Structure formats: C-alpha cells, structure tokens
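So the structure is just underneath, and the comments pick up after that.
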Amino acid sequence: MPTPSHLSKDPRYFDFRAARRVPETHAWPGLHDHPVVDGSGAGGGPDAVPVVDMRDPCAAEAVALAAQDWGAFLLEGHGVPLELLAGVEAAIGGMFALPASEKMRAVRRPGDSCGYGSPPISSFFSKCMWSEGYTFSPANLRSDLRKLWPKAGHDYRHFCAVMEEFHREMRALADKLLELFLVALGLTGEQVAAVESEHKIAETMTATMHLNWYPKCPDPKRALGLIAHTDSGFFTFVLQSLVPGLQLFRHGPDRWVTVPAVPGAMVVNVGDLFQILTNGRFHSVYHRAVVNRDSDRISLGYFLGPPAHVKVAPLREALAGTPAAYRAVTWPEYMGVRKKAFTTGASALKMVAISTDNDAANDTDDLISS
C-alpha cells in the first residue's frame, strides 16, 4: 500500500517498508567500536547469558549471581502460558502492520508518555532509530488504544483482551520475582514476608508496556533499532520474538553479547532504580537492539517501577552494614537527572550517588515514602 503523500512529508513518520537504503537521518556512527559475541553459551565460554529457572529450588542463588554480574538474565519456568505469549506476539505484529494513516492517529505528542512513534528515548538524539513503538499503561489500556481504534471494533477488543490477560499474568509474575530478588539479597522467606518495605513496593509497583517493531533493514551495519541505554525503573521483562537482536554490554574486555532467542523464555533487565534500591548490589544493564537484513523483529518491554510520588532509596536490608550509596529520588526526579545525563554524557546514577555518612543516614529512612 503506498504511503499517503501527507505522511511521507511528516517528520514523525518514516516508511521502513519502502526504504532501499539507510538515509543519513538513520545512520549511526560508532556502532562497531566493540566486538559482538554470541551469548547462547554454545562455546561454553564466559559470555553465556545466565538462565534462571523459577522452578529450581536454587533460583534465588542464580538470580543473585546474574543480577550482581550481568544485571540481566533469561527467565524460564515463569508459568506464563506459551499460547498467551504467542498470542501477544501475533497481536503486536498485527498492530504494527496497520496502515500508517491509522497508526498516526495515535502518534505520541511532545510531552506525552503513551502512544505510537519512535522510542521515547529518541528525543535525546539527533539520529533516528530503525524501529516503531507503541507505549501504554495497562491501567488505561482501553482508553489509550481507542486512539488507534476509535471505532472499538473486533480488532480493538481482541487486542485489549490479549494485553489485559498478559498484564494479569505479568503483574503476578512481577510480585514473585520481587520476592525472589529479596531472597537473593540474603533474606529468608520468613524475613521477606516480614519486610514492610517489600509489601509497600509490591502493593504500589506500577507497570508500563512498550511494544517494539524492528523492520528488516537494507544496511543493518549503519542502522540501530534502539540506542544503548539502561532502563530507569525497578526491573523489566522483555518478551522477544525468535529473531535475536537484544545485546547486553559487558566489560573486561568491552563487548556486546547477543541474547539468544529462546522459545518461551523472557529476558529480565535490572533497572537504575533497582540498583539504587539494592544499594548497588544488583546493577542495571546497558543494552541495545540491533536490526538485520532478512527479518523483522518484535519485542515487548513490561516495565515495573514506583508511583511518581514515591521516593526510592537503598533498602535497609541491602546495606549490610555499609552506608547508602545513593540519595532518595522519585522516578520523575530521576528521569530529570537522566535527561541531563543524556545531554552532557554523564552517568545518571553517579549524579544521584552520595558520599557522606550523614547523607547516607538520612536517605536510608526514605526507602519508599510519600
């Protein structure tokens, strides 16, 4: 279907399907400054992405090792039905296959967090990414998606039903993983049940869903699906199709590790606020999405974080006799810090780090407060 002429001139829209080359607007320098290695573990080396099976009695130990060393892991045995995951992927593919004129009805406006368009992070960069995205809050799913399907017909009802079922499953899984993370910090099951802050986090944790479509690219060596970044919230579940493209950054030596596309598995990324919450014992992971010449790729990020008014600081249970490494911040405050970091090249986490014992003593009382 040809692109309407008014859309072809709209700077917010790029017709990836019609592209025969990568224009300068989408060409990124420095993509190959570091080598890329296989993370499947086929060679038995140190770059195998960790796997956590929630059915394993030693799952908490595996989470601790992965969160401390990698900041990410593949999650198996999570209990989310495979047929639901397949339905979610099919629904996402169908949504991005809609005509451009229909998708543009839901375009994300400046200052908005929800809607269709480029990744939200793209506003910080002069180059464009080889991807389309759609962001919505599960709490407002039906009203958000009416922008895309104003007549609320069959496609709208089916998409909403699939995403609502997925949200129910994922929200329950998030609570289980939060408990596993706390056990990984060294708490027993009984101690976790008694931690007041754990209940506050579980009860107030909010979710956001971001859908991604990475079209096949005529010159993938020049383009990038999603710029390298860390997630800002607590932790993220990533559901990806069976086309690899997610890469994690590793030091010593610096390299990109391609996460294998394992049927039924999800990727879990530790976010910046969870690094703060655990006082740096679990660290966020720098990651990106690359594109390829032969296949489209679909992914879904299910992001968990605190409500906007809640201050996040290191858990007392994570300190283990050490001073707090970070000051208390709300999520919006931290996003403001990240904006400065993007424009200056600084580290947002370093910008909220604290160094004095007095500051540390004050901030540990603020773990999760209004």
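Backbone N, Cα and C define each Cβ position, glycine as well.
Not measured: the values here are computed from a predicted model.
As given in Swiss-Prot:
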- 205-306: domain 'Fe2OG dioxygenase' (DOMAIN)
- H229, D231, H287: Fe cation binding site (BINDING)
- R297: active site (ACT_SITE)
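Other Cβ atoms within 10 Å of the Cβ of D231 (Fe cation binding site), summed over all protein chains shown, number 24. The Cα of R297 (active site) lies closest to that of H287, out of the binding-site residues H229, D231, H287.
Per-class residue totals from DSSP over the domain 'Fe2OG dioxygenase' (205-306), listed helix then strand then coil: 6 helix, 45 strand, 51 coil. Shown in sequence order, A228, T230, T236, N269, G271, S284, V285, Y286, R288 are the same-chain residues outside H229, D231, H287 whose Cβ sits within 8 Å of the Cβ centre of the Fe cation site. Counting every protein chain shown, the number of other Cβ atoms lying within 10 Å of the Cβ of H287 (Fe cation binding site) is 23. In the structure shown, across all protein chains, R297 is the one of the recorded positions H229, R297 with the greatest number of other Cβ atoms within 10 Å.
For the domain 'Fe2OG dioxygenase' (205-306), the model gives a mean pLDDT of 97.
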